[in-house]
Amino acid sequence: MGVLVDSQKEGFGSSWGGLKSLVRRKQVDSAHSKRSGHHQLAKELTVPHLIAIGVGSTIGAGVYILVGTVAREHSGPALAISFLIAGIAAALSAFCYAELASRCPSAGSAYHYSYICVGEGVAWLIGWALILEYTIGGAAVARGISPNLALLFGGEDSLPIFLSRQYIPGLDVVVDPCAAILVFIVTGLLCVGIKESTFAQGIVTTANVCAMIFVIVAGGYLGYNTGWAGYKLPTGYFPFGVDGMLAGSATVFFAYIGFDSVASTAEEVKNPQRDLPLGIATALSICCGLYMLVSIVIVGLVPYYAMDPDTPISSAFASHGMQWAAYIITIGAVTALCSTLMGSLLPQPRILLAMARDGLLPSFFSDVNKSSQVPIKSTLATGLVAATLSFFMDVSQLAGMVSVGTLLAFTMVAISVLILRYVPPDEVPFPSSLQESIGSVTLRYSERISGKNPETSTFVDSSQPLLGNKNVVVDCPIIEKQEAQAYWTLTEQNRRKIAGWTIMLLCVGAFGLTFAASNVWIPSLIRLTCCGVGGVLLLSGLIVLTCIDQDDARHNFGHTGGFICPFVPLLPIVCILINVYLLINLGAATWARVSVWLLIGVVVYVFYGRSHSSLLDAVYVPAAHADEIYRSSGDSLA
């Protein structure tokens, strides 16, 4: 083909066979790639909308129960510190999301970033895991609304017959009509438009935040008058020690899951480079502040060992003669569940949309309604599945599976930041239909090289980027280059290789360290060896990445001018370590269920996604030549 060829196919060779599809990467959406015929989503969202999505998706009803459980079993009066540490850990992932969301502002969130930075195989697994997360999460949240609604009306049997749960003996299931109806209502609202649904979510989220503010203000007043009895204990501030407080942090970390929903709406944000980082940071800060203030108040009202594990906040107020406060708290729980339900059903259609655009799922899911500019078919499919699950199944036992998708996404986003900084993709995929334009640019570059180097051979190594100027480096034995130029070219190639291997070994070290540290059943010698090797790999990786330069191409990668993640490589490495630790500690039962789902995903990819991928016949060329090929193609991309 000459200078510009499908270098990924050439580079991997036939030995990779079908596996080369796993590592093919797509291009960041640009003005050129958006001409491909896909209908774009409506750009309607600003910072207040993103804050409403982030806070509404994050603060669920669990916080109304979590404070009692974690305080009694792990943290004691140090519960607020546990929430602070967990918030800092979540902020590490938020920093990574903020950079990638502003650089790659398209639908798909972690799936989209993984496809650009890592490859198609990993991106497929992330997207498939996120589909499970949002489906199970939405159904579980919907099932939790009807019991709380019943409490508002006087008890379990107070709901109308068409809304209350019913036991069906023949099927041995308890159906929940209220849950299914709520899912359909939210689905209909999401189909109207992103701005309208976000406005509704903002109203519900505001009601939830007001209930939490009531808990903080009224509880603070009670605590001031009663002398904060919960803090005057002989056991001190850390009754379970620092280890107990850290264990509490690991538990409450999952209360921060949800801010990633903001990133899924990146394509619908008016100014993504500015608004997405602000929306993510503000939403997470509000959640952390509210969690900590509620914890400080409730733990101060009642000694941690006397808390009711099921209704800690209501019981704390009741112990001070404010039984009526239970109604406000229950309203807060209901509104929290409703906003979380909207936050669970909002991202999944956009994940399906992104995967269908890339050809990995049927094009049915990529249709965007011309009037509302939302993926209505994907939204209806999501709502139908979630409503069916919430109606027939008690998915509480599957709730742990929700965390797997989120933690996998968090881990892959941190890895993507490292790849973007040190070994960003240096090739751009073009459809094979542009072969003529690619050929003309190839001929042009060949003529330039021949004109400047009359003695050169006609053979040119296609793996080297040719910039068409006097400093171009051509791997040809006939051409004599200055020694300094050859040295620096070799250094850059080696730098990318060293960085790539370091990132891979770093991930291996994080897994080995956390796996050995978390499983006490492993023989002590093997366990200590794995911990030592993993720690050495992590520390060595940090040192190597700190010492070598980051890739200059990072400055122009994707959409520039947005947020830049600080403290790279330290911050992403710590983020990887925390998320891998939490993944390993989810339990064998959870991983067994998730493995079945991921295995199904592998089968779907092998028999459909791999052969329908939009990159199936892509031609990869050096990124430096992309603009000229686009100009040469003219209107052929339209």
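Using the three backbone atoms N, Cα and C, a Cβ is placed for every residue, glycine included.
The shown structure was predicted, so the numbers you read here are calculated from the model rather than taken from an experiment.
Under the heading transmembrane segment, TrEMBL lists 45-67, 79-98, 110-131, 173-194, 206-224, 236-257, 324-346, 398-420, 498-518, 524-548, 560-584, 590-608 (among others). For 563-613, the entry in TrEMBL reads domain 'Cationic amino acid transporter C-terminal'.
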Within-chain partners of the transmembrane segment (173-194) [C-beta distance under 8 Å, separation at least 6 from its ends]: 41-42, 44-45, 138-139, 142-143, 145-146, 149, 159, 162-167, 200, 265, 268, 338, 341-342, 345-346, 349, 369, 372-374, 376, 379-380, 382-384, 386-388, 390-394
Contacting positions for the transmembrane segment (498-518) when only residues 6+ beyond its ends and CB under 8 Å are counted: 415, 418-419, 422-423, 526-528, 530-531, 533-538, 540-542, 544-545, 548, 551, 573, 576-577, 580-581, 584-585
Segment-segment contact (the transmembrane segment (560-584); the transmembrane segment (524-548)) at 3 or more Cβ pairs under 8 Å: yes
Intrachain residues whose Cβ lies under 8 Å of the transmembrane segment (398-420), provided they are six or more past its termini: 92-93, 96-97, 99-100, 103, 109-110, 113-114, 116-118, 122, 125-126, 129-134, 136-137, 140, 254, 257, 260, 503, 506-507, 545, 554, 557, 565, 568-569, 572-573, 575-576, 579-580, 582-583, 586-587, 589-591, 593-594, 597
Same-chain residue ranges lying at least 6 outside the transmembrane segment (79-98) that approach it to Cβ under 8 Å: 67, 70-71, 245-246, 248-253, 255-257, 259-260, 262-263, 276-277, 280-281, 284, 287-288, 291-293, 295-296, 299, 304, 410, 413-414, 416-417, 562-563, 565-566, 571-572, 574-575, 578-579
Whether the transmembrane segment (590-608) meets the transmembrane segment (110-131): three or more C-beta pairs under 8 angstroms: yes
For the domain 'Cationic amino acid transporter C-terminal' (563-613), residues assigned helix / strand / coil by DSSP: 40 helix, 0 strand, 11 coil
Other parts of the chain folded back onto the transmembrane segment (110-131), taken as Cβ under 8 Å at six or more residues beyond its ends: 21-28, 100, 104, 260, 263, 347-348, 351-352, 354-355, 358, 360, 404-405, 408-410, 412-413, 415-416, 419-420, 424-425, 558, 594, 597-598, 601-602, 604-605, 609, 613, 615
